[in-house]
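One structure below.
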Amino acid sequence: MLPDLPLEPVLEIIGVFVSGLSGALAAVRKQFDVFGVLVLAWAAGLGGGMLRDVFLGAVPPVGISDWRLIATAVAAGVVMYFFHPSLVRARRAIVVLDSGALALFTVVGTVKGLEYGAAPVAAVFVGVFTGVGGGVLRDLLTGEVPVVLHHRQLYAIPSLLGAVAIAGLWAADAYTTATSLLVVGGIFALRVLSLRFHLHAPGPWRGRAGWHGEHT
Amino acid sequence: MLPDLPLEPVLEIIGVFVSGLSGALAAVRKQFDVFGVLVLAWAAGLGGGMLRDVFLGAVPPVGISDWRLIATAVAAGVVMYFFHPSLVRARRAIVVLDSGALALFTVVGTVKGLEYGAAPVAAVFVGVFTGVGGGVLRDLLTGEVPVVLHHRQLYAIPSLLGAVAIAGLWAADAYTTATSLLVVGGIFALRVLSLRFHLHAPGPWRGRAGWHGEHT
Amino acid sequence: MLPDLPLEPVLEIIGVFVSGLSGALAAVRKQFDVFGVLVLAWAAGLGGGMLRDVFLGAVPPVGISDWRLIATAVAAGVVMYFFHPSLVRARRAIVVLDSGALALFTVVGTVKGLEYGAAPVAAVFVGVFTGVGGGVLRDLLTGEVPVVLHHRQLYAIPSLLGAVAIAGLWAADAYTTATSLLVVGGIFALRVLSLRFHLHAPGPWRGRAGWHGEHT
């Protein structure tokens, strides 16, 4: 049996770093200046948690008050600023790591919602926002339509399923380090497998003609 | 005399459904996937109320905690997802219904602001945000400049006048179900009449040349 | 020695007016209608303070509750609406005044953060958000990528240095009207000198080839 170690802070820092890389990469591609690169690392790494904290009334949000998380996001920005020619080639690795961040943020966010006494449905929403919010903020700040809304990959769906699982475990008094890591692993596996096997969410329904953009 | 029935919850659900349709329609037009359609239904239906609740400190906001409202928005998304070819033809009806949602949200939002002890000016702002905020969020998430800021239709003006009327009734201790329904009707009528008679807010002032984009 | 006069409210009103002009100018350029011009004046003048207040839990935020600040922003919008042909020619003056607003908002925001008991790092963030947030909101609402993220001028850097200076003075118990005005002057001077001497933040690092967009 696993002890209830304070794993969450460590996992959260890893998630912030990887998400921060994705934000800084988007900024580099848009030819932002060095300040813009750091801000995008911060927004992508901590934006989901900011939204979560504002919705829970947990102010000031960790994104501006927890210096360890802020330093982590800034470090991700600095790394991407200097090494982006190499890191662009490692994009596949970043996508996989980012799936890990999605999984971690979802679980950490849902649990924080429940700890703040939110109803299960609110905690689930908060968890999904924590998971996908950083990417949405990254896209809005770089002038893009949020990719999670139209790319048809399975990204929010694994997050949603994981948040529901955590809320269920919490209600059943079965939330432990072990079960939470299981959910993290499940979200991550679903996301990575969907990438590997090109599973997609359907586009707009076209009646008898089937889905628009259906992959035949 | 009308009894003070709990009309507001019913009216709010209708407003969320209709606004949700407008959000889902925007998502379908942008070829968002099914998740994006549901998110846009949620953002358009509940975004104004989210902003209201965050500004009032009423957290978690109803948009993530009231399962009836969330289910209503999701239902609007599902309906639009499957029936959008027919519903696009019903666009005129949706615009009229959306005017009703504007009226309902404005009144509900202003009253909630006053109930939370906000000063009249703050309650008026909160009411207008509740009325127009969902549409602004819908536009930002689909990569559009918010239509309320440049389309020159009378949309925010009726909302503003209605919110001021509610704050006045409240201050005069004359806020009842009957008077609030009168204000809802007034906002709705002003909006629909402005559509029918092509009333416009003026564009940028051009000095002696009159307004830019003036309809002559 | 300067008495501790209530200078801040006066300085804040000046800042709101000048920032409001910049927002209204952006709206006029985008051919927004009169309502859109007023909203952009409000968003640019008060958006930074809204973000600050939401992050501090100081709700309702001053941007919807302080009628003097709201009236100031609206007045800026009205002035720009009617006089924009002349004011466009005064753009250089507006840029200088806007540097003053950046300085004032940064100091006022950082101090409010500290007064609300935020940790120094959070207060610094809140100060910078107060300084640059209005411009970011202005850009997002007009469909632009926030200029502060990519224009390579020194804009956020002076704000950040000033916020750190205020937090340091506060910690050293040396925050007075005199020292705070010194910091306001320092931020302003750094910003104006960087404009005058074309100092830039570096763009993306390109390895041995130097910075992209380097000014040779």
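Cβ atoms are placed via backbone N, Cα and C, with glycine included.
Record features, source TrEMBL:
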- B:10-84: domain 'Glycine transporter' (DOMAIN)
- B:96-170: domain 'Glycine transporter' (DOMAIN)
- B:6-28: transmembrane segment (TRANSMEM)
- B:35-55: transmembrane segment (TRANSMEM)
- B:67-83: transmembrane segment (TRANSMEM)
- B:95-114: transmembrane segment (TRANSMEM)
- B:120-141: transmembrane segment (TRANSMEM)
- B:153-172: transmembrane segment (TRANSMEM)
- B:178-199: transmembrane segment (TRANSMEM)
Stretch contact, the transmembrane segment (B:153-172) with the transmembrane segment (B:35-55), Cβ-Cβ under 8 Å, 3+ pairs: no
Stretch among B:35-55, B:67-83, B:120-141, B:178-199 sharing the most Cβ pairs under 8 Å with the transmembrane segment (B:6-28): B:67-83
Long-range neighbours of the transmembrane segment (B:67-83), counting only residues six or more past its ends (CB under 8 A): 9, 12-13, 16-21, 23-25, 27-28, 34, 37-42, 44-46, 49
Secondary structure content, the domain 'Glycine transporter' (B:10-84) (per DSSP, counts of residues): 65 helix, 0 strand, 10 coil
Residues of the domain 'Glycine transporter' (B:96-170) by DSSP state, where helix covers H, G and I: 60 helix, 1 strand, 14 coil
